[in-house]
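Participant: According to Swiss-Prot:
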BINDING   255-283  FAD binding site
């Protein structure tokens, strides 16, 4: 048997749902999708869900992952085994851990390949910081997986599809974290998964102010702006949602223009599926040039304005 009888899907990030649904179609005969609102439910059915389960009634001071109890109950009530697919976001991984505990299921994070053999999930993901690929065969009846961005192509919506809609009511967990306050995070809308062209900056750009040079190039060619992990996590120059690498975004754009990025393996596993890689780096021995189809050795601060002017003509 090379498919599960059913798969359960949830995404806290709407842009990740289409790819999870495409993966679900390949892995199971019946697709169940948990959603947070009616609009997401309509989208899920158009993407191929047979059953939509609307999570309802959570108090404002509780976290989404506190739905884990009723989600696990629903999953158990509809089969003695099954596959759960979640995005490898921070919330996705928190929810995966809670579901794994409640379902007595193995949890595998950051999956880059998923297949079914003899009714059991076989998962591949990067190990040793991206230096190797590990393979796991999950033996528990339920399997909970968080999926790396780009593992599956995005499913295409079909308005003619139909499905059944159900409601799952909130039940307060015995122990939970209560949210006492919220602070709005300054963040731009990011949809890098769908970008055809990506300009990505590393610490070689020199300063936060110099990122404006890359932004101008993005505007000139219609690209999205991304970055390496150190730019987001260490320097705090850009949002976490924009960094490319093994523990975050795995992109497949037509063009990936790496600016001031050294090209360490942990970054390149997130960009190496690009159709064309163009690198700008002043270090001629930078590892990025081993991956690049085209490259310029030089100072990005001087090259970017000239490149923008040429491409904007």
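Including glycine, each Cβ sits where the backbone N, Cα and C put it.
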Participant: Using a 10 Å cut-off on Cβ-Cβ distances across all protein chains shown, tell me which of the binding-site residues (255, 259, 279) has the largest neighbour count.
Facilitator: 259
Participant: Hey, does DSSP put residue 283 (FAD binding site) in a helix, a strand, or just coil?
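Facilitator: Going by the DSSP assignment, residue 283 (FAD binding site) belongs to neither helix nor strand, so it counts as coil.
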Participant: Inside 10 Å of the Cβ of residue 271 (FAD binding site), count up the other Cβ atoms and send me the figure.
Facilitator: 25
Participant: May I ask you to report the DSSP-based helix, strand or coil state of residue 271 (FAD binding site)?
Facilitator: coil
Participant: Going by DSSP, give the three-state secondary structure for residue 263 (FAD binding site).
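Facilitator: Once the DSSP labels are grouped into three classes, residue 263 (FAD binding site) ends up as coil.
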Participant: Far apart in sequence but close in space: which same-chain residues, 6 or more away, have a Cβ under 8 Å from residue 263 (FAD binding site)?
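Facilitator: Expected: 279, 281, 286, 287, 288, 289, 290, 291.
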Participant: Near residue 275 (FAD binding site), how many other Cβ atoms are within 10 Å of its Cβ?
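Facilitator: For residue 275 (FAD binding site), the count of other Cβ atoms within 10 Å is 11.
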Participant: Have a look around residue 283 (FAD binding site) and count the other CB atoms within 10 A of its CB, chains all included.
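Facilitator: Residue 283 (FAD binding site): 13 neighbouring Cβ atoms within 10 Å.
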Participant: Would you mind pulling the DSSP three-state label for residue 255 (FAD binding site)?
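Facilitator: Going by the DSSP assignment, residue 255 (FAD binding site) falls within a strand, counted as strand.
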